[in-house]
Amino acid sequence: VIRAKISSEKVVPASDDPLDTHKMIRYEIKQIKMFKGFEKLKDVQYVYTPFDSSLCGVKLEANNKKQYLLTGQILSDGKVLIHLCNYIEPWDDLSLSQKKSLNQRYQMGCGCKITTCYMVPCSITSPNECLWTDWLIERKLYGHQAKHYACIKRSDGTCSWYRGGPPPEKEFIDISEP
């Protein structure tokens with residue numbers, strides 16, 4: 001998971017095998033910040049994606065202007081692969097909550113499982129699950145819930161959605177009926 005600018009793009013063979021005719025796009029990137037993956041790679045210079053969108057290849061602007069949040073996989077040979085199923089978003093399109101959550105809040109959900117709800121009925125099957133309902137409610141995967149909430153593990157081991165945002169300015173008094 002990195003924040004980066006795309007410096008250039010080049011079409012390269014997918015492998016060293018001369019019989020393999022598949023092509024990849026090699027994006028040269030300028031890494032701005034790494035949020036996850038530094039235990040495997042310190043600095044990412046290139047990311048690879050299939051040349052064809054039918055093989056889930058991703059088209060990015062390679063003009064060194066637009067910043068992206070890139071997620072992908074580190075292959076056994078050390079190459080970083082990105083494709084359409086990864087979360088890839090222009091940095092400026094992320095909400096403030098998403099940007100803040102990248103630094104620490106999302107890490108608090110690593111022991112949680114997010115279950116996508118496509119149609120009713122749907123429910124969680126274990127206490128460490130959060131039910132993702134953006135598709136059900138808004139008919140898009142990255143809706144209000146994805147932009148403003150993080151699934152985090154609580155102290156009792158259960159997981160639930162947490163709305164990111166500034167702390168309340170005033171203290172709340174808990175009042176109960178007599």
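Numbering starts at 1 and runs along the chain as displayed.
Keep in mind that glycine also has a Cβ here, set from the backbone N, Cα and C atoms.
A TrEMBL annotation is a machine prediction, not a hand-curated record.
What you see is a predicted model, and the numbers here were worked out from it, not measured in a lab.
Annotation comment: TrEMBL describes CYS112-CYS159 (among others) as disulfide bond. Using a 10 Å radius centred on the Cβ of CYS112 (disulfide bond) and all shown protein chains, the other Cβ atoms total 23.
Per TrEMBL, the feature disulfide bond maps to CYS117-CYS122 (among others).
Contacts of CYS151 (disulfide bond) defined by a Cβ separation under 8 A and a same-chain sequence distance of 6+ are given as GLY109, CYS112, ILE114, CYS130, TRP132, CYS159, SER160, TRP161, TYR162, in order along the sequence. Under the heading disulfide bond, TrEMBL lists CYS130-CYS151 (among others).
Taken from TrEMBL, the feature domain 'NTR' covers 1-110.
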Worksheet entry | Around the Cβ of CYS122 (disulfide bond), the count of other Cβ atoms that are within 10 Å | 13
Item to complete: Work through the disulfide-bonded residues one by one (CYS117, CYS130, CYS159) and point out the residue whose CB has the fewest other CB atoms within 10 angstroms.
Response: CYS117
